[in-house]
């Protein structure tokens, strides 16, 4: 399985290699600190199919110039590591929101202007991107104009800023970026402690807000980058609804070493008079800290989303007939998204809510289950969020992709893979093609772990799976990558990423000393790993 950046790189490469019958996977996570990546590949007799993601064919020089300018704002590895090690990092984090405010003001935007976005602000360790995707899809399904800011991107950076579910066009993205960049360069901040230009993620955050205001969206769904309290998206002073997904240990150098500390940081997005909802799987210590912060921030209400089985769906079922994002763990994210979407309607569009629910359903209160309207059930079924419990097929190769990056998410990923691979295997056995071709199924793991995560801890859940081969590879596509590429990463130098890949290889060999040494291989670039898969398939 790949990390968010790793999955994104894989996806990008696969989709770009259609002439070689390969597929590309890509995934998202906070730009500054990528996670682990897991990709399971199985070889079987499948009918030819096309990948579920398509790459834009246009290649705008102006867009490439814009991406190059943006990429120059990426923080390098040395800067990030200094931040983590610096005893003054809390003071440095305290400048994060003020710097964002300064950037907005230099673009002619005040924090009061952001109130017009009627934002849904979502944080958490696991599932916040999927939760946001479901929430945005449901609100768009009832005719609202939506803005959606997420991170990281899968293939193109413009995917982070969406209007009505679609990424900004290359032209609009380039125009907005050049205008904002030029203005910030010409108007230096008045505070000498604030740099002239913001870092990569902060710039994109400011750019998203500027685009959403200009587009006059009805609602902006905003995914936090890292944490909450100090995240630059926390310039939103009056969100309509706030959500917290599953919490787990991640980014501990920045967020804290305990779930209480992490919960404190995440709940920093709570604001006075906002509706706050959390997923139903919070630990007692996390829940207690969240309640404490909710009282401190004087939210309008704090509730826990009920499990998905408590809702009723069209057709009288207790679960949706179809979900767009696979995996048992996604039910928790969907259950929260349902609360966020209806909670927003209750506050901002009560007349629309009354049209969707009548009779006893109008007495609903936050935290209670309800009957899901048909428009939302359809939106749930069509919601697509690449890199999360995703299956891509090309020729006889099937890729199972997920960006699990914590112990809990890795366990959920393994459960999903067992179920999904078993189901696809049954379909293969029943297919006419499978009856004509007798081919042994091979299972390959492509894995990388980034940041401060312990690869051995994450790979422990993968150990029981019957892999025939294990490939370890950093999220680097190839030797040469233009600075204008959406995939360019200056965060970690190549030698550092190679070192991490070597640590992953050593960890797997310790976990599975019984596995033939020749079946465990490390590659420097994704091109090499995927080309090797292709060669093995052709043998």
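Glycine too: its Cβ is placed from the backbone N, Cα and C atoms.
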For the Mg(2+) site that TrEMBL assigns to 223, 251, which of 130, 151, 312, 363 is also named? 151
Fewest other Cβ atoms within 10 Å: which of the binding-site residues 223, 402 wins that one? Let me know. 223
Please identify, from the binding-site residues 251, 388, the residue with the sparsest Cβ neighbourhood, meaning fewest other Cβ atoms within 10 angstroms. 251
Inter-residue C-alpha distance, residue 223 (Mg(2+) binding site) and residue 388 (ATP binding site) (nearest angstrom): 16
Residue pair residue 151 (Mg(2+) binding site), residue 402 (ATP binding site) - Cα distance, angstrom, rounded: 15
Mapped onto three states, the DSSP assignment of residue 251 (Mg(2+) binding site) reads coil
